[in-house]
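Accompanying notes for the structure given below.
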Amino acid sequence: MHEASIALALIDVAGDVLREHGAARASALTVRVGQWSSVVPEALAAAFPACAEGTPLAGARLSIERVPGVGECPQHGPVELEVWRGLRCPLCGAPTPRLLQGDELELDQLELDQLELENL
């Protein structure tokens with residue numbers, strides 16, 4: 001389960017933001033997880049509380065925003081990809097040579113005590 005190491009990395013990034021803004025702790029964070037990022041959102045949510053224990057994010061609420069995969073079909077342009085099809089257009093079956101979105105793994109929002117920072 002690599003989600004525990006991902007949770008630790010998110011906690012490190014959030015800790016940097018806390019220090020940068022002189023805040024002692026965060027009460028919530030939002031993470032964007034792409035469908036093609038190889039991250040299991042449920043496993044990340046399960047790992048986060050234990051990883052955050054003893055850090056400024058202990059007790060913080062983790063929200064996970066799932067980002068669908070979108071690929072570029074040579075014939076149909078941007079199409080939403082279905083994992084079970086692989087990187088193929090759902091309309092014609094052609095390979096989608098470029099993933100436009102869906103591989104994200106990013107800290108999007110961090111709520112500090114009485115202060116909210118967006119688009120980190």
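Yeah, the Cβs are placed from backbone N, Cα and C, and that goes for glycine too.
The Ni(2+) binding site feature in Swiss-Prot is assigned to HIS2; the stated evidence is sequence analysis. Look at Swiss-Prot and you will find CYS73, HIS76, CYS89, CYS92 tagged as Zn(2+) binding site, backed by sequence analysis.
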Apart from the site residues CYS73, HIS76, CYS89, CYS92, the 8 Å Cβ neighbourhood of the Zn(2+) centroid comprises PRO74, GLN75, GLY77, VAL79, PRO90, LEU91, GLY93, ALA94, THR96
CA pair CYS89 (Zn(2+) binding site) / HIS2 (Ni(2+) binding site), Å rounded to integer, equals 29
DSSP says CYS73 (Zn(2+) binding site), in three-state terms, is strand
Per the 10 Å Cα distance test against HIS2 (Ni(2+) binding site), the binding-site residues CYS73, HIS76, CYS92 reduce to none
Around the Cβ of CYS89 (Zn(2+) binding site), other Cβ atoms within 10 Å, all chains included, total 20
What DSSP gives for HIS2 (Ni(2+) binding site), in three states, is coil
Long-range Cβ list for CYS92 (Zn(2+) binding site), cut-off under 8 Å, min separation 6+ in sequence, same chain only, gives CYS73, GLN75, HIS76
Taking all protein chains shown into account, the Cβ-based neighbour count within 10 Å for the residue listed as 'Ni(2+) binding site' is 12
